[in-house]
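Features reported for this protein in TrEMBL:
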type     : residues : note
DOMAIN   : 7-105    : domain 'PTS EIIB type-2'
DOMAIN   : 128-350  : domain 'PTS EIIC type-2'
TRANSMEM : 139-159  : transmembrane segment
TRANSMEM : 179-198  : transmembrane segment
TRANSMEM : 228-247  : transmembrane segment
TRANSMEM : 259-281  : transmembrane segment
Amino acid sequence: MESSLRLVAITNCPAGIAHTYMVAEALEQKARSLGHTIKVETQGSSGVENHLTQEEIAAADYVILAIGRGLSAEDRSRFAGKKVYEIAISQALKNIEQIFNELPTHSQLFAVDNGVKLGKQDVQQGSVMSHLMAGVSAALPFVIGGGILIAIANMLVQFGLPYTDMSKGEPSFTWVVESIGYLGFTFMIPIMGAYIAWSIADKPAFAPAFLVCYLANDKGLLGTQSGAGFLGAVVLGLAIGYFVLWFRKVRLGKALQPLLGSMLIPFVTLLLFGVLTYYVIGPVMSDVMGGLLHFLNTIPPTMKMGAPSSLARCWRLIWAGQSTKPPGSSASRYWKNISTTGTPLSAWWR
């Protein structure tokens, strides 16, 4: 085999606690002993660490994939045009020497990605806007799916089907469909906050952000007039994400480091932000959302004509240039319904 090779590698395992880091260390030690340079990206319980840049991948002679839970299509596309040696992580630790010996003969050339990337790439990766858009895109299926089910339930009621809830005995089919739809709106906020945090700090931030955002949006748990809503998801998602991003830099030694992402980060983050949300952030954000809802509910009749246009413009900013005809049309119908029926805005949220 050639001397002084440049190598890059990825390790992951189903649990992300032991083998991911043990194999990474073994690869580094063996490469150094053979005079090679290597950088190993670990995808464990603490998320992605030691991330491989495109420049490092391009400069590498070989890529080693010691994986136990597969790689996403996006991850594999990073190695297009490179010689890749792939092995199950369960076999890697006891065959470290074999891996290096077989690099020239058993590596396979990954197909070059000739796909055309469509659309504008205006949002810089790693920016606050990219994190917010990650949360919005994750929440959309909950809004769309839940909203359609609620609309179907209301349509069935208009056609004469009965509507009875559980307090009156056996619930009707329309009530069941509507209740399933409202689940989408119930989990929309925690999912949005969780994916904002995940976009910033990867997997360790997901669970704490989800649970804390659920707490912040549950007025029954907080004892407030309203939940924190979208503003709470944004504030808590960003705060938890950047806190976990800092927390992941803590070094605890070889024995405890694998537990950082799977146990210590979720526990400490959930405790800290859960208490802060219950006593401080939740009530404050609830007051802010309550004030906004009160303002919208008390808009004078003379200003109601401009409300759909303003609402559509806000959606246009959120969608960052995507098609705005559906949001504009929806905004007009949405506000017309509120204006003509007199239904307060807060009644649209459970």
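Including glycine, each Cβ sits where the backbone N, Cα and C put it.
Beyond the ends of the transmembrane segment (259-281), by six or more residues, the same chain brings 15-17, 44-47, 203-205, 207-208, 211-212, 215-216, 221-222, 228, 232, 235-236, 239-240, 243-244, 247-248, 250, 252 to within a C-beta distance below 8 angstroms of the stretch. With DSSP classes pooled into helix, strand and coil, the tally for the domain 'PTS EIIB type-2' (7-105) is 43 helix, 29 strand, 27 coil. Within the same chain, residues 131-132, 134-139, 142-153, 171, 205-214, 216-217, 227-230, 232-234, 236-238, 240-241, 244, 349-350 sit at least 6 positions outside the transmembrane segment (179-198) and bring their C-beta atoms closer than 8 Å to a C-beta of that stretch. Taken together, the residues in the domain 'PTS EIIC type-2' (128-350) have a mean pLDDT of 81 on the 0 to 100 scale.
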